[in-house]
Amino acid sequence: MNGFLRNLLIGTVYFGLGQLGLALAAASTNIAPIWPASGFAFAAILLWNLSCLPYIVLADLALSVTTGPFAASDVLTALANALSAVAGVVLLQRFKSPGSIHERSWNMVLLLLCGTVVTAGLASSMSVLGLVRGGQVAQAEALPVWWTWFLSDAAGVVLLTPLLVVWQEKGLAGLRPWRPESLLLLTGLLLAGWVMFGQRQLEIVEHYPVAFVLAPMLVWAGFRLDLRILTLAILAFSVQAVAGTTMSLGPFGHLGLPESYLLLQVFLMVMASMVFILSSVNAQSHLAELSLRQSQAALRYANERLEQRVLERTKELRQALKELRRAERSYRALYENAIQGMFRSSLDGRIKTANPAFAHMLGYASPEDLLRESGMESVYVFPEDRREWLAGIRQQGFLRNYELRLRRKDGTPLWVLGNVLLTQGDDGEEVLEGIEIDVTEKALAEQELERERQRLEEDLRAAGEIQKRLLPRDGAELPGAAMAWTFVPSGQVGGDAFNFIPLADGRTAFYMLDVSGHGVPSALVAFSACQALQDAGGMQGGSTAGRLGIMPRPVEVMRRLEAEFPFSRFGQFFTLCYMVLDARQGLLTWSCAGHPPPLLLRPGQTPALLDGSGPAVGLGHAEGFREDQVALEPGDRLLLYTDGVTEYRAADGELFGEERLLAVLAGAADLTREQVLALVTERLGEFGQGRRPGDDVSMLLVEYLGPEGAGR
């Protein structure tokens, strides 16, 4: 239900209760025994906030219109009734204890006090004052009118407000109205009300307060009935009492008005207040008892859990102690039988504990013999090693994988590898706990390996020098030609080789070869191939070719090398470019075996590739070799190079490539031979950003000078 409809319903109910109160008023005196609208207004503002206040005021004004001519005092009365209810609610909420009203005796007492003293008192006072000021009530009659008004409003609050509040708080949850005891009490209470207020009293007892004979039954009901049922029972009993008194029946009916109503109001308020307070006290005690039982149950459960936890913890501790003892025995066995040396020492070198392996490592028969030593300074070959070792430990609190050179008791060398931790002993003293292993054999082997490595480095340097001697000599003179070269091995020795061979018939042979792989094996194959090329060129003094002046053609040289260097023999192959220059005729004959094609550099022309490559030497394809010729003119240049030039890699893996090489050579036509090679080498370095080449880089630049030229 939305707020408007709810507030409209509140105003309607207020108006209806007001009409009921007016209907109960005696026609002769206009006195109502109960004004239920006051109790409803107090409960409505308490339960549904101040939004219903305007509707209550309007309903009160509507009541005034139905009772007679409308006067200004009616507005004051309506405002007084509403504002006094607000004042009572404010005080109640300010001073009530936490929790519901029906379960706290203080809250119930405060509800009745605020509803009667504050709400009813303020409403009657302000209303009567308005009537006196308006001349509707004489000043001499003000007190009786106020008293009647106050008791009527207070009775409405006492009988109606607890009923509305309790039912709003509890609802229907847990309600059991059909219990035999409840039915018996309700029946007895209603029957007693009918007997007490439904009959005319005997003359002999009409002057005695026999109405209070009902007190024991009401007290019983207060202790035994649910407060929701009790409020309904009190309301029903009050209806009987009001009806009987109005008809001049019951213990107060013979007194006449207004005395009978006044006594009835006091009687009902006293009985209802007593019963409601007793019921709330009983509910509070039940809650306290329930809370106590819950606390006791929780305490018992906690005690049981505590005992169970103590038993479990005791069992766990016993098991942990058992495991600890087992672990201690295992640790002791490991400690005594470990092959690693374990120790604990002070910072000044005194050994506190050590296992047998550590004692044996240092040359002692037992840990006891070691512990009798005054310190460990004597075991260090270099005392500064211990100082650096301690400084590192103090700085980090530990050292891992350290190596130390020590000496045993008999003076023999000892190398150890270990880990050590700086910690505190039981007495608070700083101690070192460590594990060390004997790595003497490893250290000696590493020293021997280092010596072997140095010898190998020396041999490789020597091999590199020998390989350089296989290259062309500086300043060598050639008939009709001149040359320049550069060689950058990827290692100390390489698989590239090149040179020239003066032939017996006056011609000159040039070659460049590149053996697969790197290092010494490739260099040895390259050396052997160079020697074979020298033999093929007829340089041996006793060769038939040399005596007759008949030189083998380049393609025949290729086939001879294929026969002498099969892959099955050396496990390697090589590429080769072999050229023969006839300076007198200006004729160049060549054959290439898997090698990058040489470049012909003619002045004023674009560099050209001299194609004619066949399979590499050693792969068993001698029939694939071919031979080509080209006529040269003075000034022509030939560039022989290995794939280490074109396959030079940048940092991102890109190759230098043939196109870049041709572009560099195209712009170097005016440079000397040495400058051309220097330019190509510089461009390679820029391309690779100074990285060392992954393969040998070799270049041989031959310039044809003509039939009459001399080497220069």
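Including glycine, each Cβ sits where the backbone N, Cα and C put it.
Under the heading coiled coil, TrEMBL lists 303-337, 437-469. Annotated domain 'PAS' per TrEMBL: 327-386, in sequence order. Marked as domain 'PAC' by TrEMBL: 400-451. According to TrEMBL, the feature transmembrane segment maps to 41-63, 75-95, 107-132, 144-166, 178-197, 204-223, 229-249, 261-281.
Residue counts for the domain 'PAS' (327-386) under DSSP, split into helix (H, G, I), strand (E, B) and coil, are 29 helix, 11 strand, 20 coil. Counted as Cβ pairs under 8 Å, contacts with the transmembrane segment (75-95) are highest for 107-132 among 41-63, 107-132, 144-166, 229-249, 261-281. Of the recorded ranges 41-63, 107-132, 229-249, the transmembrane segment (261-281) has the largest number of C-beta contacts under 8 angstroms with 229-249. Note: the domain 'PAC' (400-451) comprises 12 helix, 29 strand, 11 coil (DSSP; helix = H, G, I, strand = E, B).
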